[in-house]
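To keep things clear, I will list the structure first and then write my remarks on it.
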Amino acid sequence: MDELAFGEAALEQTLAEMCELDTAVLNDIEDMLQLINNQDSDFPGLFDAPYAGGETGDTGPSSPGANSPESFSSASLASSLEAFLGGPKVTPAPLSPPPSAPAALKMYPSVSPFSPGPGIKEEPVPLTILQPAAPQPSPGTLLPPSFPAPPVQLSPAPVLGYSSLPSGFSGTLPGNTQQPPSSLPLAPAPGVLPTPALHTQVQSLASQQPLPASAAPRTNTVTSQVQQVPVVLQPHFIKADSLLLTAVKTDAGATVKTAGISTLAPGTAVQAGPLQTLVSGGTILATVPLVVDTDKLPIHRLAAGSKALGSAQSRGEKRTAHNAIEKRYRSSINDKIVELKDLVVGTEAKLNKSAVLRKAIDYIRFLQHSNQKLKQENLTLRSAHKSKSLKDLVSACGSGGGTDVSMEGMKPEVVETLTPPPSDAGSPSQSSPLSFGSRASSSGGSDSEPDSPAFEDSQVKAQRLPSHSRGMLDRSRLALCVLAFLCLTCNPLASLFGWGILTPSDATGTHRSSGRSMLEAESRDGSNWTQWLLPPLVWLANGLLVLACLALLFVYGEPVTRPHSGPAVHFWRHRKQADLDLARGDFPQAAQQLWLALQALGRPLPTSNLDLACSLLWNLIRHLLQRLWVGRWLAGQAGGLLRDRGLRKDARASARDAAVVYHKLHQLHAMGKYTGGHLAASNLALSALNLAECAGDAISMATLAEIYVAAALRVKTSLPRALHFLTRFFLSSARQACLAQSGSVPLAMQWLCHPVGHRFFVDGDWAVHGAPPESLYSVAGNPVDPLAQVTRLFREHLLERALNCIAQPSPGAADGDREFSDALGYLQLLNSCSDAAGAPACSFSVSSSMAATTGPDPVAKWWASLTAVVIHWLRRDEEAAERLYPLVEHIPQVLQDTERPLPRAALYSFKAARALLDHRKVESSPASLAICEKASGYLRDSLASTPTGSSIDKAMQLLLCDLLLVARTSLWQRQQSPASVQVAHGTSNGPQASALELRGFQHDLSSLRRLAQSFRPAMRRVFLHEATARLMAGASPARTHQLLDRSLRRRAGSSGKGGTTAELEPRPTWREHTEALLLASCYLPPAFLSAPGQRMSMLAEAARTVEKLGDHRLLLDCQQMLLRLGGGTTVTSS
């Protein structure tokens, strides 16, 4: 390290001597700068040339300003500085070259930048002030001098090559500086520092240690605090003989280059302020305040306050940036999920993110599975073709269609993959694991997809089918039928042949009118041989003409679609798309796809009334011909009489496919999903039926039976009542079709073979609706199958019949147990129908029949089990009831979610009756009564919510209300002493019921009275339960006897006078009669009994009735009471 040329003592002495001069000079400079800043117009020549320089550059001697004539001499300035400092200047080699990036510095055009002249020597000393930045003024604004309150503190900093600074401090723009970012506000340095403060700072430099020799050359660093603004200052020491004061306005748009600053990293952001000048002892010190970004300074030079403020700002900025990134990230995810939803389920669907991702995963798995099947099929077809020789392939192509693979022989899943459907934005997938309400497909924005990859290598090129394979239109068919009918009725050939034979004779007679009559007679005798030969020839010609017409209609007029041909590919494509649309619920689009599928098969639907009439007439004629087996045999020869067996098989398969599509369109029409009148629907039904019969063994018997039943539905719906006998014919054909092949009827149609179901279908008053109403007693089946809706109506009919057997049995029932046995029979049939019918469990596929898409109906099964349990309780068959407890305890979820209170009333009534009818409990627990009260509350809510409900609702409400009353009565009777004791002692009534039990009984009785106002059969139970309530309350027995007498006498006079009155008032049943006898014999006082032995006779009659009803436990009780009354004798039934 080189020795310094001066010491600290010399610097302090020099500064002390010049203190007074410095103070005076600084005051003058401040006044002059104030005058210049406030009145620029008073010095017009000061900002003119040669001071006005428009360019910026280095502040060294090479600057353009050095050539100005009014510049100071650099040599004189250097000599003065050396004389002043007292030693030569040592300039070591720089450690590293400074960066050359310019800093933003803009000069006013009227002010020339300060440039040292030849006699002026410039020494840049960078000073770094490390404080947080303050707001930055706009460029080009002239800043007035500011005088901060606190003095500027200059930290000790080593100065290389100088003993001290003469006065003031100055700075210039360092090289390679940049404007700080807009997010980091900077404040300008003060324009002019106060003289005392500046003088104090300069004096404090004398006590600092010099820099070591290894420091950067010509570089000094001074740390200060000026209004919390980071400033980099580089001083210029100027010595002149005369005082020259200049002030230069700077701007951020200009750039100033310097040699470099060792304490600043390259790229430091700076800000230029107004140029400041300081004159002291003939030396001019020009300074330019700069603003330096604190982030570019060394960490160890940052002040504590700067660190705290900088870290707070950094955290806020990082948090803001993090939030912005997170927002963009979430927005990107949401956009992609929305796009994925549009691809998977379409734009109309509303799903959450989880459901969209789940469906996308399911569809991806489906695509992977499909690709796997396609690869396997491709390998199979490749191996099949490789096994054939070239000769076989050529011969197969020459024979026509030899390489076609039968569509019927393939597996269903292979057929599905061979002709994939078109994919649109909302289509679901073919067989998603979520079954068919949640299927999805990928969106391609196009109407169709390319053919399946399974045919890329093995599919035979579609051959151009012959014209006869395309089929005939229905108008042409009807014209041929009319021609054949005319040939059989009008016999035009006979007239034609007769005219041809008689023409020669007539001609000869005309030319020989004057001839002899004997010759004419001879000529006529010669033509007699044609008279007996002409009729057979004419009829033979007519027969041949009719056979030709039939052959054209059935054999050569039927369109035959060969597998893998162009029409077949289009057909399967539209059919699979129709399956997807049906699964998605887009029924109009599905009908459109089915229409296109029929058009691809060469069977377009009629588009005008004339076409519709022709098509309907042709289908009627064809069905009549097929009933005669002529049309069916001819249809079996479709494609040509001399064709091979493979073509006939393809013809049957084509007829099967067309029949299935016609059948599905008919179902859509029946459910209101396809437009058209009754004639169009009848035409669809007949077309499906005729083609299904022509398909032969190519169609399954279940599908054929379903088509027959659909035709019977159409007869019942569209035809007048006089033609409803055709319904029986079609149902019989369906049953024969099933029994002929397998000997069994599909589960979904077994109820049609039952007498009750057959009678309901033929004679029932029902109708198929497009939007069936919601029901509590059965779930809806396939929404596009009318037979499923009829089956649902039949299940509800069975439940209603079972309830009516209890509520209003037939008046001619001689057997008392018949009402219960009939009800249990209906319920058993309902259980079997519920096991085989319900919501679809497979698919909505066009080819799927009802037999393959049925499932259990848990709702109907639950109601049937509940009703059966109540009937077993009324019969006092507790063992049979206990077997059904598990089925009733688990209520279906559909009934739990409903808002109607009737299912909850049924469930709590079952629980309450189960607790109260338990004969092992003599006393009632509060919990049992609480459940009973809850059931009563739900029942009252049900009566209030459905004042005009259906008959099945009222029958179920009557059953539940009667069950609660019977359960309360049974509990009260168990709490009584034995009836024999009461009778022996002649008591009139037993102990009364508690207030809680009596209040609950009155509430249920009020519900029964309210129900009886709209449901007449409930009136019988009102009389009996009202008499029971009076007995429980201990009321006057007179009114009780009248109420019991109504139930006793109505049974005796079954055909009494006033038949109209008897019909209006419902007749009591055997069960009600028995209950009235027991109540009268056990609880009425002896005064109300007409004869002494009447009580015993009443008990004997009750015992006989109970025996008919099958209540063995009550029969045993009656016999015990008779034993006590008769003194050891028993009374049996006679």
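Note: Cβ is positioned from N, Cα and C throughout, glycine not excepted.
As a whole-number mean, the pLDDT of the topological domain 'Cytoplasmic' (1-477) in this prediction is 50. The topological domain 'Cytoplasmic' annotation in Swiss-Prot covers 1-477 (among others).
Look at Swiss-Prot and you will find 46-73 (among others) tagged as region 'Disordered'.
Feature annotation from Swiss-Prot assigns compositional bias 'Polar residues' to 59-69 (among others).
Per Swiss-Prot, phosphoserine is recorded for Ser96 (among others), and the stated evidence type is similarity to another entry.
The phosphoserine annotation in Swiss-Prot covers Ser115 (among others) and is backed by similarity to another entry.
As annotated by Swiss-Prot, region 'Disordered' applies to 130-149 (among others).
Annotation source Swiss-Prot lists compositional bias 'Polar residues' at 170-179 (among others).
Under the heading region 'Disordered', Swiss-Prot lists 170-195 (among others).
For Ser331 (phosphoserine), no same-chain residue lying six or more positions away in sequence has a CB closer than 8 A to its CB. Per Swiss-Prot, the feature phosphoserine maps to Ser331 (among others); the stated evidence is experimental evidence.
What Swiss-Prot records for Ser332 (among others) is phosphoserine, and it gives experimental evidence as the kind of evidence. Within the same chain, no residue at least six positions away from Ser332 (phosphoserine) has a Cβ under 8 Å of its Cβ.
For Ser389 (among others), the entry in Swiss-Prot reads phosphoserine.
As annotated by Swiss-Prot, phosphoserine applies to Ser395 (among others).
Residues annotated as region 'Disordered' in Swiss-Prot: 415-468 (among others).
Among the features that Swiss-Prot reports, phosphoserine is placed at Ser448 (among others), with the record citing a large-scale study or a structure entry.
Annotation comment: Swiss-Prot describes 478-498 (among others) as transmembrane segment.
Swiss-Prot lists 537-557 (among others) with the feature transmembrane segment.
Around the Cβ of Ser1047 (phosphoserine), 24 further Cβ atoms fall within 10 Å across all displayed protein chains.
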